[in-house]
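Summarising the annotation, TrEMBL assigns compositional bias 'Polar residues' to 25-36. Positions annotated as domain 'Major facilitator superfamily (MFS) profile' by TrEMBL: 50-340. Feature annotation from TrEMBL assigns region 'Disordered' to 19-38. The transmembrane segment annotation in TrEMBL covers 48-69, 81-104, 116-135, 141-162, 174-199, 205-224, 286-303.
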């Protein structure tokens, strides 16, 4: 016997899936790929290479701070100053390190990433050489400030390079790589500082940083093209002068179009533009976030800067052993950064 069909049986099945939850069609996927290509002509492999270059450059900001901690005891003894005065060189470094990225970032937004990268690395290398040959406490203090001014820009400019060449969809993974590699300086810095101080003296730290910085600067000069949008556009604008890496001189600039327009107006470099980031402090949510972050960072800085004195005075550890005590802190930083 045939059974009667209900109204629901006869009614067509209607999908109530929200539009945002539907799988993208082939045409939508093609549009996304086209959008990514139009945003920048660099391939995924090329972008990864550039992220590696700027990540290695960004290591120097945390590395220069952390590699110095195990040497504080020897600095105090070598220059005949108290441990408090030796620790003050850490404070000066951190103050300058926190202030200068605001100015370097604004300058790079007007003049380009490469000029600021190159200029700050030269400043950084000069400071390291001066620190290595310094003979008194005043020189050490002054050139530590200069060292911070040269190294602090690498993080903000590196992030700017990634923002120039990526879309929001692909930016997350590359920023994760950037953060993870950068934090290696936090992890291995104290260990390297302990080894160098133990066997070669604290001045060897600055020679080591000079050599590493020279290698990083050379990679920037050879391989890293200008990425700022109002100068390089999406990679099709032909680069000239300081914006052009040495590699393009040899093999040419692939994908460049003669007469291509960046499509963006070049901003003027004024004091108002340089100081513009400070206006964010007027935003309540940003101010509160920075306030709590600064408290946490202040506590962390007090702990790390007092570690050397504590372990050498109370537990009589060597510089190498003091450096090893920082491994837990560095490992935690790397894990947290990669997890984000």
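Using N, Cα and C of the backbone, Cβ positions are placed for all residues, glycine too.
Bear in mind that TrEMBL entries carry predicted annotations, made automatically and left uncurated.
Proximity of the transmembrane segment (205-224) to the transmembrane segment (81-104) is not established, fewer than 3 Cβ-Cβ distances being under 8 Å for residue pairs spaced 6 or more apart. Of the candidate ranges 48-69, 81-104, 174-199, 286-303, 81-104 contributes the most Cβ pairs within a distance under 8 Å of the transmembrane segment (141-162).
The stretch from 48-69, 81-104, 286-303 that makes the most Cβ contacts under 8 Å with the transmembrane segment (174-199) is 48-69. On the 0 to 100 pLDDT scale, the domain 'Major facilitator superfamily (MFS) profile' (50-340) averages 89 in this prediction.
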